[in-house]
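Per TrEMBL, these features apply:
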DOMAIN    5-43  domain 'Cytidylate kinase'
BINDING   Gly9, Pro10, Ala11, Ala12, Ala13, Gly14, Lys15, Gly16, Thr17  ATP binding site
DOMAIN    64-198  domain 'Cytidylate kinase'
Amino acid sequence: MGFTIAIDGPAAAGKGTLSKAIAAHFGFAHLDTGLLYRAVGAKTLLGVEPIEAALKLVASDMDDTDLRSPEVAQAASKVAVIPEVRAALVDFQRAFGARAGGAVLDGRDIGTVICPDAKVKLYVTASAEVRAERRYLELSAKGDASTREQVLADVKARDARDMERVEAPLKPADDAVLIDTSEMSIEDAIAKALAAIEAHTA
Ligand code: CDP
Ligand code: CDP
């Protein structure tokens, strides 16, 4: 069993940024599990039935640059409430988590459901307003026309769907270290995460 780090939290909390930095620091592989749900969501926008899309997902489906759009984010959170969709994606994520060389997985249910035995679990969060502003800046830099108000409403709708679903809802694992990045620079968040990981492995 490899060294697994689980990073969960709501949209635009900084999970991906932290995961990449942690993976680079330790030389571990990184899986953004949100991309799996985004890839399934993107297929449903093309008319494919969600469970079929999840069962037939292949690695190249995750290469689509449009997966980062707000439409796909909403579609992802809608397919993510379907138990059969989640079940179809479990084995791939667990196998990734068990890699011999170490793995960082980020998502919503990594510490609670996918890798409950992860060596270290982080729950990364920030206020909805701060997260929406970060996502708004990212989207507008890419030429997306969404307004601040739309991005905030999208983030809140997704938070509610992710936290209120019956199957694998978003919540901190009992043994997760909480990191609120609302008033933290990226550098400070990385330093805090690395310190938490080192404290667990000392
Ligand atoms: O993966 P997740 O959706 O949780 O968030 P992310 O993609 O890592 O971060 C969303 C945006 O917030 C990125 O543009 C980051 O550069 C930014 N960010 C930030 O400004 N301050 C932080 N402490 C963490 C992330
Ligand atoms: O980057 P951001 O945090 O905005 O979203 P994401 O991590 O790409 O996830 C997109 C959607 O997929 C989330 O809103 C969740 O509904 C779903 N998801 C999930 O249910 N479980 C995961 N492990 C990862 C994502």
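Note that Cβ sites are derived from N, Cα and C of the backbone, with glycine treated the same way.
Nobody curates TrEMBL annotations by hand; they come from automatic prediction.
Keep in mind the model is a prediction, meaning the values are calculated, not measured.
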DSSP state at Lys15 (ATP binding site), helix/strand/coil: helix
Cβ neighbour count within 10 Å of Ala13 (ATP binding site): 25
Chain-internal residues, separated by at least six, CB under 8 A from Ala11 (ATP binding site): Ala73, Arg131, Arg135, Val155, Arg158, Asp159, Asp162
Sequence-ordered binding-site residues from Gly9, Ala13, Thr17 with Cβ under 6 Å of an atom of ligand 2: none
Shell of the ATP site beyond Gly9, Pro10, Ala11, Ala12, Ala13, Gly14, Lys15, Gly16, Thr17, same chain only (C-beta within 8 angstroms of their C-beta centre): Leu18, Asp106, Val124, Thr125, Ala126, Arg131, Thr181
Residue distribution over DSSP helix, strand and coil in the domain 'Cytidylate kinase' (64-198): 78 helix, 15 strand, 42 coil
All-chain count of other Cβ atoms within 10 Å of Lys15 (ATP binding site): 28
CB within-chain contacts under 8 A for Gly9 (ATP binding site), separation at least 6: Lys15, Arg108, Leu122, Tyr123, Val124, Thr125, Leu170
Close in space, distant in sequence - Thr17 (ATP binding site), Cβ under 8 Å, 6 or more apart: Ile186, Ala189, Ile190
